[in-house]
Each structure stands twice: as C-alpha cells, then as structure tokens.
Amino acid sequence: MSSIRYHSSAFDDGSFSVMARNLENMVNRANAQYVKIDKHREPYTVHYNALRDKVYSEWKESGVLGTLLKGSTLCGGYGDKLKVSMPDEFDLLIHLVFPENDKIIVKADASKKGNVILDMTKVMEIIGSQEHNKPVFDLLQKIVNKKKQLLEDKLNSLLQSIMTQTLNKMGNQIEVAGRISHLEYKKCGPAHTIFVKGPCEYSVDFVPAIRLSAAQVVLAPEQRRHFGGTLYWDAIPKPMKPAKTDNASFRASFYEAERSLLLGKQSLKPAIRLLKQNRNVKNKANLKSYHIKTLFLWQVVQQDASYWSNSPKDIFIEMLGKLADSLALTPKKGKLPFFWDPKLDMFAELTDSQRTDLFNHFRKCEYTFRKDNGNVNDCTENNVHSSFSINTR
C-alpha cells in the first residue's frame, strides 16, 4: 500500500481538495505549535548532559561495577527523536559487559514471553581462575542462583545501593551554569530514576542493560530478519509484577534494531509524535509510548516503503484506526503483538475497562479526523486544537 485514499464522493471529483489541504495545514500548525520541542531542547539537553556525565562517572568509580560499565545510549522518545511537547524525560541505557561476555548462554524464557535467561556458567568457569577478574567472579557469586543464572532482583538491589551512594556523594544536588538543582531518586520498574527540580525540571531513567551480541540473539526466523545487521541487543533487569525473589528472567530489548527500522521513513516519526501528543493531551496514560512504537514497527514491515511519503496527517488518521482495532473487545478481541515475540500480546495487561476507554477515545478521534478530512467546517480548527493542545479555548 503506497498511498492512503479516503472514500468520499466529494474527494473523488476533487471538489474538496482545498479543504483537505486546509486540514493538513491546521495539523501542521498544531505540530509546530504544540508538538515540537525545538525551542526548549538546548537548555534541557545541556543540563541533562551534565547530570548524565556526573552520575556515570560516579558509577564508574564504584568498585567492581565500574569495571563492567561500557558506555550508554540515549533511548526512549528523546533518543528516537519522538519526544513531544517538552524535553522533560530522558531514558538512558547503561551498558554492562562482563569479562568473557560472549560466553553468556542466552535462552528464551519459556514461562515469560519476550524474556530471556542468562546462564553465566561458562563465564564463571573461565574467570574463576583469573586473578585479575576475581572481583567480578566474587560479585557474580552473589547475584546468580545455584544454576549460575543471573538474577534480576539481586542485580537491581546492587545498583539501587550504588545509586543511593552516588546521590549521597552529590549531596542530592547538582550545579549547572552556576545554578543549583535538587535531585530525588526513586526505583521505577527497571529504571533507576532521578527527578530534577530546579531551572529545568525533568527526570532521567538510568536503565541498566546487559549488552549482548548478535550471535547471542534468540529470535524466531522472521524476527531475526527484522533484526538485520544490528550488532548488539540488551537484556534488561525488569522486575516481575508482582516482584519475584530470585528472578532469573530479563526482558529482551532491541533498541538499536528498532532505531534502524524507523530510520529514513519520511512521515513516520511526525505521525508518531502526533499520536503521542494526542495521547498526552487526553490523559490516556494506559497507552504507553512503546505501544505506539510497536504499532508503527509492524507497519514498517507490512507497508511498502513509499507508504511513508504520505502526509503525517493521513498516516496519523490511519494509525488511529489500526490502534482502535487493536484495542477492540468486540466483535473480535484485538491485540498488539510484541514485535520481537508475536506470541506476547502487549495489551493483555490492560483491563477490559481500560481497553474500552482507550478504544472509545481513539475510535472517536479517528471518526472526527476522517470526517474533517473530507469536509472541513467551522468546528474543524477547534477539533484540531483540542486534539493536540493542553490549553482549552
């Protein structure tokens, strides 16, 4: 499918072409006014960079763990250039690499779709006799189970202690450009989150990630093709819900591969930003950013490359419909398969009432935009404004 076509007799004879362009102009103006973060980007980025460098350097000096740190990757909405409204959330993968890291035996977790188990047996056999790696071996002894499987909760407990020590050393504050900002630390899922209060107010999720090579990937053949020539992927110590003691299950994360898949698709990212902004404005927090990203990842592999040359407005409208279909409970229950393991339905965790609320909103939004796309009227500008602006008229 290379182009999006709306079935309307008015459209077929071209009589409403000017009106259609007017809706597009309205959406483009809303994008420039409410969605883009360009005017706020520099001060927040400067502040974030200072905090990132300080925390990373403190982690680097934190004994054995510091020897495992091998750089970081800005990910999430900001890293993907999908952040909307304000640059007030940053997601940072902190890469951990063990000695003999390529000897980690990775297995799919049969009891948790989308997760993997990291068997450290061969790693520990090799480094156990190496004097220079004795500190790492001793650390591993504390964070693996009897089967030598790495434990999420033990690793996170260690990192939580290190982050607490880091903030204490910093006095729970940081000075940037002569101004003091106060810092608060909370453990949020897999992330070690710092909330910044000061001239720039934002949060940073420091997410630990065991960096693994392409040779260690455990994917079905089709998903392996989507992984392509990507060199690395990560295993994230994401706690179970409810929390589980001695948890050997890690969430597989393919951020680098996803970034490659989203790259160079003309209107893809603008359309994602429109959908995220609408979600934010309407307070539909049960729809996560990764849900939206996943919806588009599936379209990347299903649509012809020329599809993304359609306008962001047209793609946005079509994705509203696909999202609503995925959320529907009747007549057939929809689903949003995890891109890297389609057996996992990412909407399965939502209650029926949450799904119904999201479905009703996005189906109504789709209807409104499709109607306005074929018949711009006095209400159209207000509809566009209310869809993307937190300020009411």
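Just so you know, glycine gets a Cβ as well, placed from its N, Cα and C.
Lys276 is the only one of Lys103, Lys241, Lys244, Lys276 that Swiss-Prot places in the ATP site (with Glu89, Phe90, Asp91, Tyr255, Glu256, Ala257, Glu258, Ser289, Tyr290, His291, Ile292, Lys293). The Cα atom of Asp205 (Mg(2+) binding site) lies nearest to that of Glu89, taking the binding-site residues Glu89, Phe254, Glu258, Ser289, Lys293 as the candidates. Cβ environment of His291 (ATP binding site): Leu336, Met346, Phe347 lie under 8 Å away, each six or more residues apart in the same chain. The candidate set comprises the binding-site residues Glu89, Asp91, Asp205. Of these, Asp91 has the most other Cβ atoms within 10 Å. Per-site Cβ counts within 10 Å over the binding-site residues Glu256, Glu258 peak at Glu258.
A separation of roughly 12 Å, to the nearest angstrom, links the Cα atoms of Lys293 (ATP binding site) and Phe254 (GTP binding site).
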